[in-house]
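Down below is the structure, laid out as structure tokens.
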């Protein structure tokens, strides 16, 4: 294999790695956003549950208002 062919193969590998890495990063951004939404929903439900119980709402006036 000549030097030009080896250099071309190297560039193809670098390009393929970059494309796969970029696509993987974008996909994980979506999963991270979904996990964050799910966590905030869980926190909201927990706060709502606490605020509906008198003892919990008295102990946490900053959360329950």
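Cβ coordinates come from backbone N, Cα and C, glycine included.
When secondary structure is read from DSSP and collapsed to three states, residue 56 (disulfide bond) falls in the helix class. Per Swiss-Prot, disulfide bond is recorded for 50-56 (among others), and the stated evidence type is experimental evidence.
Residue 51 (disulfide bond) is surrounded by 15 other CB atoms, counting those within 10 A of its CB over all protein chains shown. As annotated by Swiss-Prot, disulfide bond applies to 51-64 (among others).
Per Swiss-Prot, the feature cysteine amide maps to 64; the stated evidence is experimental evidence. Classification of residue 64 (disulfide bond) by DSSP places it within a helix.
Annotation comment: Swiss-Prot describes 1-21 as signal peptide, evidence class sequence analysis.
Only residues 6 or more beyond the boundaries of the signal peptide (1-21), in the same chain, are considered here, and none has a CB under 8 A from a CB of the stretch.
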